[in-house]
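These notes concern the structure reproduced below.
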Amino acid sequence: MNWQTELNNSLNWILTALFWVVLCFSVTMLALKQTTFGKKFWCIVSPSMDKKTSIKLILMLLVLFIMILLEVRFSVLNSFFYNGLYSSMQELNIEKFWFFAKLNALLVVAQVIHAIADYFFQQVFEIRWLESFNATLVKRWLNKKKYYRLKYERDLPDNIDQRIEQDAREFITSTVQIVRGVINSVLTTIEFTIILWSLSGVLTLFGFNIEKGVVFFIYAFIIFATLMSVWIGRPLIKLNFTKEKLNGDYRYSLIRVRDNAESIAFYNGEPKEQTFLQHQFRQIIHNRWSIVLKMLGLNSFNSGVTRVAKLLPLMLQAPRFFSGQIKLGDMHQTVQAFNRLMTALSFFRLFYEQFTLYQARLNRLYGFITKMDELDKQNVHHPFHCSHRVALKNFGIKDEQGHVLLNNLNINLENGDALLIQGASGTGKTSLLKAIAGIYPFETIGIAEHPCMGSLFLPQRPYMPQGTLREAICYPNINPSHAELEQTMKDCALGKYIHALNVKNDWQAILSPGELQRVAFIRILLTKPDVVFLDETTSALDETTENLLYQTIKERLPEMIILSVGHRSTLQQFHNKQLKLDVCLLCEN
């Protein structure tokens, strides 16, 4: 083997290697689909791989393969050029020295350009995949109100926000690193084994002469080191999975304190919160110490192997060098070949800690995806007919276990009717309202009718998304430039905030509970729904403001059907029908 042959064969080598890489990659992916790991992996990635996205990612994957092949090829050429450089120094041949120095300079320029292009294409691939993957995860989470139904699941996946954002992003990055590492390692192993084979001679070990013994000795050394590393680091898989869960739980608890700051302050609950947070943090620290102790053993072993590997090739080739069988350049190329081979064969050993994290993220994403599949397969019985009115025929609701909570309800509401649902706490008022609106997570009985379009459900604490006050009030689909917005704010006693309409802030936290409920009535007046469901939407308001808001919507929207849940007797004057769930009677006022 010589540098001229290797340089001239580079293009042919890249094309041939690309063919085999694509073939082996395809066969490996098909084989992995039959394993537990492969089934989990495919379950995670397949939903985001539509035809258009798949074509783009495959093309970018081919570019990445070419980048990997170029990296390996540059390493091979680099070893031959340095062989020539060091051999020319031993021969005291200055012309040959400068020739190889210039070749190395050109190779350095090519490697710099390659490194820039490689980084760019890898980032493009990861970003494009992440865009598709994230869109799929978010869509599946929001579709069919699964984000809402998950609240009622017994085995709720922990920290869903972390799984969608962090785990998904790091899963993609780690997948690319693993694929790159495996391909690079296999090709490097093949190429530098050939180089090392050509440089090796007879190795005398314990009185035995072994032809090409350097290669066999190095392989035995690296395989032993890899197996030992896997054995030492195996417990890290479970520990890293636990670490992700504990960190997510701790972040969630901190967010809960922030979101419920006012209630905690009124209760003087700081000592209790601090005790709970310290308990969670102690679990994180305990887990971290467990990881540290395992990593001490793994890192100590890896460090020892790495240091032994630095001297090993020189010691193995020293007899041949001092006997004049090989040159100084051959010694240097042997060291390079050994180091590259060592890195390639030790890929899994050196990557083991990251791989344990990868498996943990894979399992967390798989748990999320399978839960989404489970919810998709659930056949929740919600008999519903589209109509211009609201009607219940022998209607009832069941709880999570299938027990009947309410039954045999018959209601008929035409345009302009208003129904007040009252009853003792726990009788199912809000659940009934959700069932009529079509968002009840469990099974219902009988038939419900209401308009398919033009319904608005307003909970006790209206939701305010991030952004300006204008965007928050107009959530989800009111025109932010609505001509009646400012006047409606005045009509609903919220005119003092008109000047802040274009101010970005956390309006959910800034507005008081009563002000948030006024926002709900602004949305009613701007949306003009056919049916509105009010779940104790005036509970934080004084009776005067409550009277003002109900009168306003009744006057402005006389044909609108209203269904209200509330405890106050003052609400009765705004409703012509009443349902008391404690006796299940429909009364005419």
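The backbone N, Cα and C atoms fix where each Cβ goes, and this holds for glycine too.
According to Swiss-Prot:
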type	residues	note
TRANSMEM	11-31	transmembrane segment
TRANSMEM	57-77	transmembrane segment
DOMAIN	57-357	domain 'ABC transmembrane type-1'
TRANSMEM	97-117	transmembrane segment
TRANSMEM	190-210	transmembrane segment
TRANSMEM	213-233	transmembrane segment
DOMAIN	390-587	domain 'ABC transporter'
BINDING	Gly423, Ala424, Ser425, Gly426, Thr427, Gly428, Lys429, Thr430	ATP binding site
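Of all the binding-site residues listed (Gly423, Gly426), Gly426 has the fewest other CB atoms within 10 A of its CB. Taking a C-beta cut-off of under 8 Å and a sequence gap of six or more, Lys429 (ATP binding site) has these contacts in its own chain: Ile421, Gln422, Gly423, Val565, Leu581. The record gives Gly423, Ala424, Ser425, Gly426, Thr427, Gly428, Lys429, Thr430 for ATP. Within 8 Å of the mean position of their Cβ atoms, the other Cβ atoms in that chain belong to Leu581. Summed and averaged per residue, pLDDT over the domain 'ABC transporter' (390-587) gives 87. Close to Thr430 (ATP binding site) in the fold, though at least 6 residues off in sequence, lie Asp535, Glu536, Val565, each with a CB less than 8 Å from its CB.
Between the candidate binding-site residues, Ser425, Thr427, the densest Cβ environment within 10 Å is the one around Thr427. Most buried of the binding-site residues Ala424, Gly428, judged by other Cβ atoms within 10 Å, is Gly428.
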